[in-house]
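To keep things clear, I will list the structure first and then write my remarks on it.
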Amino acid sequence: MAHFVDARTRVLQEESTKAVLSNCSDPKADLAAERARATFDVGELLHYLNGGREKVERKAHFAELISRTEWGNKSERYFQTREEQYVHGLKVAFGIWDFMKEKRLGISDGRVLRSLVNAPGGLELHIGMFIPSLISHANPEQQAKWLPKAQSLEIIGTYAQTELGHGTFVRGLETTATYDSDRQEFIVHSPTLTSTKWWPGGLGKTATHIILMARLFTKGKDYGPHAFIMQIRSLEDHKPLTGITIGDIGPKFGFNGVDNGFLRLEYVRIPREAMLMRFAKITPEGDYVPPPPANAKASYATMMYVRSTIVQDAGKFLSMAVTIATRYTSVRRQTTSSKGQRETQVLDYQSVAGSLLPLLATAYALHFTGKVMMQMYTDFERSRDRGDFSNLPELHAFSSGLKAMCTTITSEGIEKSRLLCGGHGYSRLSGLPDMYTSYVQNSTWEGDNNVMFLQTGRYLIKSLLGAMTGKTLSGYAKYLENAQFEMKERCNVSTEVQWLDPAAQLAAFRNRAARLCVDAAEQLKQESGGNPVFEGEPWDNSNVIVIKLAVAHSQYVIYKNFMDSLQGIRSRGELQPNTVRALADLQGLFGLTVLEREVGDMLESGYLSARQVKLLRAQQRALVKAVRPNAVPLVDAFGFLDYELSSALGRSDGDVYRGLLEMAQASPLNRTEEGPGWKAVLEAQMKKPGSRSRL
Ligand SMILES: CCCCCCCCCCCCCCCC(=O)SCCNC(=O)CCNC(=O)[C@H](O)C(C)(C)COP(=O)(O)OP(=O)(O)OC[C@H]1O[C@@H](n2cnc3c(N)ncnc32)[C@H](O)[C@@H]1OP(=O)(O)O
Ligand SMILES: Cc1cc2nc3c(=O)[nH]c(=O)nc-3n(C[C@H](O)[C@H](O)[C@H](O)COP(=O)(O)OP(=O)(O)OC[C@H]3O[C@@H](n4cnc5c(N)ncnc54)[C@H](O)[C@@H]3O)c2cc1C
């Protein structure tokens with residue numbers, strides 16, 4: 001109801017309103033002013049990062065169309081219960097599917113749509129692992145049978161590997177698949193409590209089929225985990241099939257639209273052809289045919305594919321968080337030293353800029369590494385299809401370390417971005433809390449990050465030991481051929497400005513990684529009492545330094561990718577000099593920020609002197625200042641749409657306070673003026689005779 005305000009009240013208020021208005025903030029103007037500071041052509045960089053103008057426009061067109069659909073509407077996003085989230089997630093997945101069919105779109109457009117709506121649901125694993133597993137593990141006949149059904153959503157699948165008792169140690173899985181040659185069937189069974197499958201996404205209430213990872217037994221012999229395809233629910237009434245118990249595992253830290261599930265199998269029979277037989281095989285008589293030795297780890301290929309996509313996506317999520325925080329801290333004003341003056345934009349505080357702008361630089365670094373990672377995986381697939389598995393070990397080492405490094409960086413980066421937004425960052429309407437709780441699982445799934453770092457460290461130490469016996473190394477570990485030389489090397493930077501030289505930064509990254517590799521190998525030798533042993537106690541007692549080595553190597557790789565990518569852009573003349581300069585500032589800022597954080601190792605080894613650290617620090621601070629005017633233009637260049645960010649604070653027009661107020665209206669608590677607590681509790685309590693006087 002309209003509220004009548006009399007003239008006297010208005011007059012009295014007028015003066016105070018004027019006083020407040022004279023120095024209150026104007027977020028839209030602030031953001032416009034930030035954009036005017038750009039030293040480069042934002043459109044050019046936007047198109048470059050997003051694969052061209054046509055793709056940018058296509059994405060905006062898709063957003064426009066889907067935001068008008070029921071499933072694409074995000075207004076209730078932050079207010080749904082778990083059940084609503086789950087059902088909505090399914091509607092989104094089918095909505096995207098139908099949209100793709102109707103418009104005859106391919107998988108890359110599908111990825112764009114998924115990223116625009118960003119509502120993970122019961123079909124994540126169907127798309128992310130079930131179909132990829134069929135592609136990489138099934139033989140041609142199996143693919144012909146299953147892929148069309150999966151691709152038309154006649155069946156919905158998931159990837160059931162992890163059990164209550166084992167996630168990391170895949171060889172320790174306890175679910176069994178025992179071959180019965182008389183009936184040419186496998187009996188799949190959960191023999192122990194700990195063999196219960198636990199975690200698979202979509203398993204709880206959605207999936208009709210699974211890729212089951214189970215230990216293959218034939219003729220009394222255990223051949224370890226293999227992949228099988230099997231149906232778990234009826235296609236008629238969606239009830240579990242006989243001998244199968246399935247359910248949802250309950251609420252999680254985030255990602256609650258997904259029904260991660262549990263599964264128990266009781267002597268369930270599946271046909272021989274259920275075993276995915278692209279590599280290992282079983283004959284009708286029950287003879288096991290192993291995969292050729294070169295691709296013994298072929299059954300792990302799906303995990304490698306997913307790790308590569310995780311690396312690719314890390315930059316995107318960090319860029320989203322940084323976009324929100326940069327726009328908001330540019331319009332948020334807080335504290336003034338003298339009365340009557342405008343308050344300071346919080347991004348102008350050294351502490352805020354010093355945290356946020358290196359994150360912005362890191363988001364760019366991850367963008368380039370994501371591209372390199374996917375290229376490397378695509379190259380592997382090409383050679384694998386020719387039967388050549390020679391680059392598998394490097395791909396495994398590269399993708400494991402980067403998966404761990406990039407997801408650690410992004411998880412921490414989202415949380416740092418949230419903190420930099422102060423109180424409003426804590427509101428889910430900022431988009432940052434949900435981004436964090438749903439992203440942070442990337443540090444765990446698809447291989448716990450420490451475990452992944454250990455895989456990379458193992459490869460590096462083995463490479464070093466090989467190089468010491470004259471073996472030629474290739475790829476990113478090549479520098480280890482010169483490890484002995486690196487041990488004597490000293491940094492030659494003598495002025496602040498010399499730290500801007502990418503070669504000086506790269507040398508520091510490389511030297512640190514090489515020395516840590518030598519240290520790790522030595523510690524492992526000591527723990528092993530001679531020749532290094534890569535398992536058991538000697539290995540376990542060397543974990544800390546091995547992880548440190550893998551972190552240092554991954555940082556070197558990310559920096560090198562940034563440097564090489566920029567070099568490529570320069571030499572091919574792909575961007576104008578001003579744009580390249582802005583990117584070079586980011587490359588320098590990323591490099592020096594990481595080096596500054598890790599100087600302890602380099603002081604300890606003697607590679608750096610205290611004076612060189614001081615120069616490094618001063619140059620890093622100078623780069624923060626150099627990047628500051630381009631902060632908003634650089635996040636604009638990522639090209640996130642308001643629809644995509646769903647954030648009151650990340651709005652591209654800067655109107656953040658209006659955004660908060662508008663989005664809050666959808667809160668179910670606001671459906672009535674008195675709220676749901678009045679009738680349920682408050683009224684009876686507060687109207688109780690003498691209720692106040694009792695206190
Ligand atoms: C429209 C479009 C939308 C798209 C939409 C996308 C949606 C995107 C949704 C994504 C969704 C993801 C969802 C995740 C869902 C889970 O989390 S699925 C479960 C994943 N589980 C894991 O990752 C388990 C982690 N554990 C492991 O990978 C392995 O067991 C470990 C830790 C690597 C150890 O394996 P191991 O057999 O014990 O091996 P180990 O003795 O350490 O090493 C033996 C040798 O094998 C090598 N090796 C080990 N692993 C490998 C490997 N993978 N390759 C090659 N060599 C290997 C080692 O390097 C070693 O070599 P050498 O040194 O001997 O030469
Ligand atoms: C949201 C979510 C979704 C998932 N979806 C799926 C899915 O769809 N399908 C599926 O099969 N699985 C899925 N998983 C399971 C996931 O892959 C595992 O949780 C993950 O691989 C880690 O294994 P774990 O839980 O057994 O951890 P653990 O191995 O028990 O790790 C516990 C701790 O021990 C350490 N550790 C373990 N082993 C070693 C070692 N050898 N050396 C040194 N340290 C070690 C780890 O670093 C960690 O700190 C999902 C998990 C999550 C959280």
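Yeah, the Cβs are placed from backbone N, Cα and C, and that goes for glycine too.
Small disclaimer: the values here were computed from a predicted structure and weren't measured.
Features of the protein shown, as given by TrEMBL:
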- E446: active site, proton acceptor (ACT_SITE)
- T162, G201: FAD binding site (BINDING)
- 41-156: domain 'Acyl-coenzyme A oxidase N-terminal' (DOMAIN)
- 300-461: domain 'Acyl-CoA oxidase C-alpha1' (DOMAIN)
- 501-686: domain 'Acyl-CoA oxidase C-terminal' (DOMAIN)
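Here the features listed in TrEMBL are placed on the structure.
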residue: T162; record: FAD binding site; contacts (Cβ under 8 Å, 6+ apart): K197, W198, W199, P200
residue: G201; record: FAD binding site; contacts (Cβ under 8 Å, 6+ apart): G122, E124, L125, G128, T158, Y159, V258, D259, N260, G261
residue: E446; record: active site, proton acceptor; contacts (Cβ under 8 Å, 6+ apart): M303, V306, R307, I310, K403
With DSSP as the yardstick, break the domain 'Acyl-coenzyme A oxidase N-terminal' (41-156) down into helix, strand and coil residue counts.
84 helix, 0 strand, 32 coil
How does the model score the domain 'Acyl-CoA oxidase C-alpha1' (300-461) in terms of mean pLDDT?
94
